[in-house]
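**Student:** Following this message is one structure expressed as structure tokens.
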Amino acid sequence: MYEKINEPLSIRGLKLKNRIVFAPTTMGLSEEEYLERLGIIAAGGAAMLVIGDVPVLRHSLFAKSLYSTKGFEFYRRVTEVIHKNGAKACAQLHVSDSDIKGMLRFVPGMLMKRITPDRLRELMNERTGPYITGIPESKIGKITASFGDAAVLAGKAGFDMIQVHGDRMCGSFSSSVFNHRTDSYGASAANRAKFACECIAAVRQALPDMPVEYKLAVRQENPHYGNAGILVEELPVFLPLLEKAGVDSYHVALADHSSLSDTIPPKSHPYFSGEGCFLKYCDEVKKYSSLPVCAVGGLTNPDFVEEQLTRSRIDYAAMSRQLIADPEWPNKTAGKNQDKIRFCVRCNRECLGGMMEHRGVHCIYDKKKEDVQ
């Protein structure tokens with residue numbers, strides 16, 4: 001048994017039974033398939049499942065709203081199936097930084113297949129800066145307050161933790177690549193942190209006892225990776241402000257608005273090819289914060305994960321592709337079956353590939369099981 005992997009962790013009173021969590025993942029599955037998949041992953045021994053992209057606004061084009069009866073019931077079923085199978089549930093609250101009205105102009109091209117998903121991503125990224133820079137301050141206050149409202153509903157739906165999504169709009173406000181404002185929400189690193197801090201503070205004020213994690217989206221230069229999120233060199237400015245606002249832990253990842261193959265890197269990636277490919281960002285966070293840090297990105301090998309935990313390089317580990325490849329990874333590392341782990345090979349063929357082709361997130365191992373049957 002791996003002792004450190006299976007050591008409990010407490011975050012603001014929430015006890016996680018081990019150090020492994022399921023990272024927020026867009027699945028693209030039907031509702032029933034999605035719930036079944038969550039149940040399988042929870043039963044596999046993960047301490048907590050983070051449910052990605054739960055919208056804080058009343059209306060959302062891409063995800064169910066907590067404010068609607070149908071949406072609230074869906075999230076209640078999500079937490080129910082997770083709890084039933086022995087894990088905790090975390091809601092990743094977010095607000096999109098996409099200019100939805102501007103996006104409508106691209107719909108005909110998408111329908112006619114003249115615009116590919118990758119090209120659409122580029123077009124939307126081009127509009128992010130002007131959109132973020134142009135949001136009126138009066139609207140910003142309503143958006144940040146909605147994080148508190150959504151957090152209350154998430155708590156009522158049964159979630160045990162809130163994660164504030166530090167990418168999307170929080171990340172774009174944080175980044176000088178997109179944020180060209182000259183008011184109190186821009187023009188300096190401290191000002192660019194203000195939006196995220198107000199979102200966190202709204203959650204903390206609404207739910208004083210709820211553990212709050214921040215998805216810390218980090219970007220870098222030389223070489224350039226990530227566009228939204230916090231520049232590595234600006235972490236000393238951002239982290240104290242985020243913690244003053246009420247953060248309890250960090251979930252550290254590469255910032256968005258670059259290629260999906262950067263944020264979800266395959267093993268062939270020219271820069272992020274190794275095991276634990278984003279750990280160097282965790283190292284930077286640890287320099288300036290004593291809060292628990294969760295790593296994500298290419299974590300598959302239990303020996304490697306155990307070593308990072310033992311060295312206190314990280315405090316817990318998030319996995320997506322590995323737990324899709326083998327949901328029993330946590331259970332196997334808790335017993336004597338680690339030699340039977342199906343390791344993710346980071347090919348991205350059926351997971352990221354399935355999502356991009358609107359087939360849903362699956363795994364090459366699924367095909368092998370079908371062939372055996």
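Note that the numbers count up from 1, one per residue, in the order the chain is shown.
Backbone N, Cα and C atoms are what each Cβ position is placed from, and that goes for glycine too.
Copying in the features that Swiss-Prot gives for the protein in this structure:
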{"type": "BINDING", "residues": "Gln92, Lys215", "note": "FMN binding site"}
{"type": "ACT_SITE", "residues": "Arg168", "note": "active site, proton donor"}
{"type": "BINDING", "residues": "Cys344, Cys347, Cys351, Cys363", "note": "[4Fe-4S] cluster binding site"}
**Student:** According to DSSP, folded down to helix, strand and coil, what is Cys363 ([4Fe-4S] cluster binding site)?
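**Tutor:** Going by the DSSP assignment, Cys363 ([4Fe-4S] cluster binding site) belongs to neither helix nor strand, so it counts as coil.
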**Student:** How many other Cβ atoms sit within 10 Å of the Cβ of Cys363 ([4Fe-4S] cluster binding site)?
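**Tutor:** For Cys363 ([4Fe-4S] cluster binding site), the 10 Å Cβ neighbour count is 21.
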**Student:** Can you tell me the three-state DSSP label for Gln92 (FMN binding site)?
**Tutor:** strand
**Student:** Determine, to the nearest whole angstrom, how far the Cα atom of Cys347 ([4Fe-4S] cluster binding site) is from the Cα atom of Arg168 (active site, proton donor).
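**Tutor:** Just about 26 Å between their Cα atoms.
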**Student:** Taking only the Cα atoms, work out how far Cys351 ([4Fe-4S] cluster binding site) lies from Gln92 (FMN binding site), in Å, as a whole number.
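**Tutor:** Here the two Cα atoms are 20 Å apart.
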**Student:** Given the [4Fe-4S] cluster site residues Cys344, Cys347, Cys351, Cys363, which other residues of that chain have a Cβ within 8 Å of the mean position of their Cβ atoms, reported in sequence order?
**Tutor:** Arg321, Ile324, Ala325, Val345, Arg346, Asn348, Arg349, Glu350, Ile364, Tyr365
**Student:** How many other Cβ atoms sit within 10 Å of the Cβ of Gln92 (FMN binding site)?
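**Tutor:** Looking across every protein chain shown, the total is 24.
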**Student:** What is the interatomic distance between the Cα atoms of Cys363 ([4Fe-4S] cluster binding site) and Gln92 (FMN binding site), given in whole Å?
**Tutor:** 24
**Student:** In the structure shown, which of the recorded positions Arg168, Lys215 has the fewest Cβ neighbours within 10 Å?
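**Tutor:** So among Arg168, Lys215, the recorded positions given, the one with the fewest Cβ atoms within 10 Å is Arg168.
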**Student:** Enter the number of other CB atoms within 10 angstroms of the CB of Cys344 ([4Fe-4S] cluster binding site).
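**Tutor:** Cβ-Cβ neighbours of Cys344 ([4Fe-4S] cluster binding site) within 10 Å number 24.
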**Student:** Within 10 Å of the Cβ of Cys347 ([4Fe-4S] cluster binding site), how many other Cβ atoms can you find? Include all protein chains, please.
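**Tutor:** There are 16 such Cβ atoms around Cys347 ([4Fe-4S] cluster binding site).
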